[in-house]
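Below is one structure, written out as structure tokens, with a few remarks after it.
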Amino acid sequence: MAKRDFYEILGLGKNASDEEIKKAYRKLAMKHHPDRNPDSKGAEDKFKEAKEAYEMLSDPQKRDAYDRYGHAGVDPNMGGGGGGGGFADAFGDIFGDIFGQAGGGRGGRGGPQVYRGADLRYNLEITLEQAAHGYDTTIRVPSWDSCETCDGSGAKPGTSPINCTTCGGHGQVRMQQGFFSVLQTCPKCHGSGKINPSPCTACSGAGKIKRNKTLEVKIPSGIDDGMRIRSSGNGEPGMNGGPPGDLYVEIRIKQHAMFQREGDDLHCEIPISFAKAALGGEIEVPTLNGKASFTIPEGTQSGKTFRLRSKGIKGVRSGYAGDLFCHVVVETPVTLTEKQKELLREFELLTIEGGSKHSPQTKSWKDKVKEFFE
């Protein structure tokens with residue numbers, strides 16, 4: 001049975017910090033500890049599973065190997081002295097050697113594998129105004145930097161890495177799997193061809209340290225929710241001289257207090273008074289670029305929509321501005337004075353006398369009700 005992903009076990013993403021990993025493990029350990037669940041075999045299995053995931057992800061060197069090669073990078077039973085993988089694994093390694101290893105690995109049969117660095121993702125939340133007009137900002141991204149103590153060698157200062165004793169410095173081992181003789185990434189040096197008998201204490205032999213990197217991001221005007229901006233070369237560093245991965249900044253737009261966005265169009269509700277709806281007149285409305293106005297006709301009903309062309313958002317791809325749709329909401333007056341109530345009662349009587357002339361929808365509705373009960 002295939003082993004579960006260590007990050008999935010802890011309920012975390014691959015960008016999780018060391019503190020988040022420790023916190024998630026403690027929570028699961030408390031929940032599934034055998035002493036708290038003496039009669040549950042399932043709880044014991046989950047406890048062991050969480051413990052293994054924590055042991056791997058809390059160690060920088062093991063975590064780096066797992067991030068790059070999956071379980072094969074941290075399982076001593078997968079590779080090394082023969083045996084191991086099944087028929088599908090054999091073919092996977094054959095085709096990997098011909099076309100390049102998964103994840104961007106490449107290299108000759110006699111040398112260490114070269115791997116492209118992993119891509120990173122960063123979620124950035126911005127306002128609707130920033131999305132409409134464009135926005136320049138800086139972000140801090142968790143990333144790996146070369147260890148300053150050992151200059152990236154992974155070896156304790158004053159010592160040097162030596163050729164891996166398992167692969168002889170080639171970064172690969174040849175394994176016999178049935179009728180096939182195949183090359184696999186060395187499980188001891190993880191393809192680097194080197195090992196550190198005296199690892200650097202600052203980076204635990206990884207040659208790199210995780211820290212926040214500050215980057216400038218230019219967000220183009222008109223960008224929409226869910227779009228991504230690629231920052232080439234700002235992902236994780238490659239291995240054995242491989243190129244770095246890319247950083248993808250995924251945009252999330254905050255909900256606006258007034259406008260709702262649909263593509264490049266904007267929608268908003270415009271409350272107007274009962275008198276304004278009846279008499280008509282000019283309405284002033286806000287837009288993302290200042291104020292605008294339009295005229296509503298006499299007798300405007302609640303729910304009527306007015307379209308203001310090119311008052312929406314200029315599309316990041318099309319270059320054309322969308323429209324602003326204003327949905328009128330006729331507001332019923334509240335907290336009236338006696339004088340106002342008196343005038344409204346008089347108005348109501350005049351309206352009744354006028355019949356369908358003043359309230360055609362009310363007359364129509366009353367006729368339908370009458371027919372319904374007859």
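Placed from the backbone N, Cα and C atoms, the Cβ positions cover glycine too.
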28-47, 68-87, 228-247, 348-367 - the range that Swiss-Prot marks as region 'Disordered': 28-47
Tally of DSSP helical, extended and coil residues in the repeat 'CXXCXGXG motif' (200-207): 0 helix, 0 strand, 8 coil
Of CYS164, CYS167, CYS186, CYS189 (the binding-site residues), the residue whose Cβ has the fewest other Cβ atoms within 10 Å: CYS164
